[in-house]
Amino acid sequence: MMWWFLLIGLASAAATASSASSASFESRCQHFHKEIHLQNVHVLSTTYVPIGSNIPMVYNPPICGGTASSSISTIQFCQVALNVTTSDKSQFFMEAWLPSNYTGRFLSTGNGGLNGCVSYADMVYATQYGFATIGTNNGHFGDTGQYFLNNPEVIEDFAYRALHTGTVVGKALTKLFYPQGYKNSYYLGCSTGGRQGWKSIQRFPDDFDGVVAGAPAINFVNLCSWGSRFLKITGPPGSETFVTSAQWSAVHNEILRQCDALDGAVDGIIEDTDLCQPVFETLLCNSTAVDKTSCLTGVQANTVNEVFSAMYGLDGKWLYPRMQPGSELAASFIYYSGNGFKYSDDWYKYVVYNDSNWGHSTWTLADAAAAAAQDPFQISSFDGNISGFQKAGGKVLHYHGLEDAIITSDSSKAYYKHVADTMGLSPSELDHFYRLFPISGMGHCSPGTGAASIGQGSSTYAGDDPQDNVLMAIVQWVEKGIAPEYVRGSKMSRDGTIDYRRKHCKYPKRNRYVGPGKYTDENAWKCV
């Protein structure tokens, strides 16, 4: 059942122009383009999308999935496609979806990686809840940094401008389409989308009343350097420093052996990675070992230790935290494969050095220093002073998976502490507007081994109750003043049913198994 406060206004919706009969709504949509006269905005189309039809994706290029990204609409809405000019050398594409079941709420989605691609899945998810929803391509199409080459205007769009300008345009369209305008504005994004959410909080604190920021790529420039650093640590396949995927599996099993029970339950999930400080000398191969796929040489053990160590600059200053243990199975194919990391490579090629011939094999800490000094348009998004957002009455729900193999969850904890130190606030004082939830058993923005479906998107839907759904939780916090004390995640089975649930604690508290039920019993855990 849809949470009751989401239905405010729907009882009288039939009396409004936005949700009258299908025929009148269709006519309203088809003629809407005649009302749009916004500076630097070019309307490409306005399309009526009825219930049960394929959602048109005519402007989605093949590099972003093309028409294959389409899905069936569960509601009727008006799909508005536009190009927005940001300079004489740059523009971004955006869509606004204006539903007939409008609840008076506006929402912007974010992006991922270095793209370049409208988050249609998130738009579908938000629009079905009655949000007037927008998404942009963040200044370029495609999941590559090549469009940044020789074009700082495109970099500026990617850093902050496309999201902010798209939000301004989207709000204007919402006011034009619905006589009642909007009551509250929200943001939903993960990874790069998480960084965009934080950048908005830091630079444009009035843009959103509520922000859901997952696994944010904050401290972005150093994150790119961190991604480059792993090749320097592991070396190429076949080198004495390289650790094979089979050996990483042995490392993972050893990490679980040392750390799984620290939370009181042996369930294959690490609840608090801060407590996990594994020692890898236990995996050293002895002189008689025949099968060396499950043990490490001394050199390889040093490689593993370096992987799980923080990155420091040439001057000895901290740049980026360690990779949290528990992510190594997936990370061995992403960062530890000996082939470099595409997004890091692209950032250095097309932004730092503006040289498409730059090679990742030459990377050193001197390059990290050059990148950090550049930080175009403050894309790092690591400003610890978010007092503007606090004063504006904004609320932010920040989550991060503890099995994230792309952006270490230690980065989110580091930022939380940075905000606390910068603003001189205790956790209880931060609670009024900023709450962080580390999610055990969650990978990068998506489920992993544990109860990690928290309603951050259609693929992780586990109910409409705010305790099970971070989007509904931020709405309840903004509109009812009821802040989430925990986020309840669901472990989904292959048939879509729920195997078990677990409540994920608000940082800096940690989850502890206290019994007496099984570890699958959510009431057998306590935040301490």
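Every residue, even glycine, has its Cβ placed from backbone N, Cα and C.
The signal peptide feature in Swiss-Prot is assigned to 1-19.
For C29 (disulfide bond), the same-chain residues 6+ apart in sequence whose C-beta sits under 8 angstroms from its C-beta are T46, T47, Y48, C78, L98. Residues or ranges marked as disulfide bond in Swiss-Prot (evidence: similarity to another entry): C29-C78 (among others).
The secondary structure of C64 (disulfide bond), as reduced to three states from DSSP, is helical. Sequence-distant neighbours of C64 (disulfide bond) (same chain, six or more apart, CB under 8 Å from its CB) are N115, G116, C117, V118, N137, F141, G142, D143, listed in sequence order. For C64-C117 (among others), the entry in Swiss-Prot reads disulfide bond.
Annotation source Swiss-Prot lists disulfide bond at C190-C445 (among others), citing similarity to another entry. The Cβ of C190 (disulfide bond) lies under 8 Å from the Cβ of G110, G112, A213, G214, A215, P216, C445, Q456, G457, each of which sits 6+ residues away along the same chain.
Under DSSP, S191 (active site, acyl-ester intermediate) is assigned to coil, being neither helix nor strand in the three-state scheme. For S191 (active site, acyl-ester intermediate), other Cβ atoms within 10 Å of its Cβ number 21. According to Swiss-Prot, the active site, acyl-ester intermediate annotation covers S191, on the basis of similarity to another entry.
If you look up Swiss-Prot, you'll see C259-C276 (among others) marked as disulfide bond, on the strength of similarity to another entry. According to DSSP, C259 (disulfide bond) sits within a helical segment. Around C259 (disulfide bond), the same-chain residues six or more apart in sequence whose CB sits under 8 Å from its CB are I270, T273, L275, C276, P278, P325, G326, listed in sequence order.
Long-range Cβ contacts of D267 (Ca(2+) binding site) within its own chain (separation 6+, distance under 8 Å): D260, Y519. Swiss-Prot lists D260, D263, A265, D267, I269 with the feature Ca(2+) binding site, giving similarity to another entry as the kind of evidence.
Residues near C285 (disulfide bond) in space but far in sequence (CB under 8 A, at least 6 apart, same chain), listed by position: K292, C295, L296, T297. Among the features that Swiss-Prot reports, disulfide bond is placed at C285-C295 (among others), with the record citing similarity to another entry.
The secondary structure of D404 (active site, charge relay system), as reduced to three states from DSSP, is coil rather than helix or strand. Same-chain residues at least 6 positions away in sequence with a Cβ under 8 Å from that of D404 (active site, charge relay system) are, in sequence order, A215, Q324, S327, M442, G443, H444. Sequence annotations record features per position, and here Swiss-Prot assigns active site, charge relay system to D404 (among others) based on similarity to another entry.
Taking all protein chains in view, 22 other C-beta atoms sit within 10 angstroms of the C-beta of H444 (active site, charge relay system). In three-state terms derived from DSSP, H444 (active site, charge relay system) belongs to neither a helical nor a strand segment and is classed as coil. Residues or ranges marked as active site, charge relay system by Swiss-Prot on the basis of similarity to another entry: H444 (among others).
What Swiss-Prot records for C505-C527 (among others) is disulfide bond, and it gives similarity to another entry as the kind of evidence. Counting only residues at least six positions away in the same chain, the Cβ atoms of Y486, K503, C505, K506, K509, R510, N511, R512 sit under 8 Å from the Cβ of C527 (disulfide bond).
Proximity of D263 (Ca(2+) binding site) to non-local residues of its own chain (separation of 6 or more, Cβ distance below 8 Å) is seen for I270, E271, D272, L275, R510, N511, R512, Y513, given in sequence order. Fewest other C-beta atoms within 10 Å: among the disulfide-bonded residues C276, C505, that description fits C276. Same-chain residues with CB within 8 A of the center of the D260, D263, A265, D267, I269 CB atoms, the Ca(2+) site residues themselves not counted, are A261, G264, V266, G268, I270, E271, Y513, Y519. In this structure the alpha carbons, written CA, of I269 (Ca(2+) binding site) and S191 (active site, acyl-ester intermediate) are 22 Å apart. Classification of I269 (Ca(2+) binding site) by DSSP places it in coil, neither helical nor stranded. Under the DSSP three-state reduction, C295 (disulfide bond) is assigned to coil, being neither helix nor strand.
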